[in-house]
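> Okay, these came from Swiss-Prot:
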type     : residues : note
DISULFID : C9-C155  : disulfide bond
Amino acid sequence: MMVLSGALCFRMKDSALKVLYLHNNQLLAGGLHAEKVIKGEEISVVPNRALDASLSPVILGVQGGSQCLSCGTEKGPILKLEPVNIMELYLGAKESKSFTFYRRDMGLTSSFESAAYPGWFLCTSPEADQPVRLTQIPEDPAWDAPITDFYFQQCD
């Protein structure tokens, strides 16, 4: 398997086309601000080499990979940004499950399930400019259910 020299760059939008962007050290999903279109955060992505590659385990970072999305190590999953270098996680031999998401491809969109908390997925709120968080997918989702499908496109 080839070893990456740096993280891959992706941009993420939810299926309602809200872009993921950073504000006050929080990852939010939104669109227009004062008539300016937000370009969206560059998301640094590396595979987690310690976990089963067939499950597409990925580690997601922001700010050039200097901070990574983590589900924490508490009793319940809490999504937060931790000041950990994405390449250290990539090159390290640890499982780093709290930083890992299984990317599930669903045609045009993908969902991201926490490796540390199975059944919990990255999601956005239907309202704009709310934090990205984790949710369990309900049996019969209501119209205002969290959005768990994302467009995941490599940066130009």
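In case you wondered, yes, glycine gets a Cβ from its N, Cα and C as well.
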> Three-state secondary structure of C9 (disulfide bond) from DSSP?
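DSSP assigns C9 (disulfide bond) to strand.
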> Under 8 Å Cβ-Cβ from C155 (disulfide bond), six or more apart in the same chain: what's there?
C9, F10, R11, E42
> Within 10 Å of the Cβ of C9 (disulfide bond), how many other Cβ atoms are there?
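C9 (disulfide bond) is surrounded by 15 other Cβ atoms within 10 Å.
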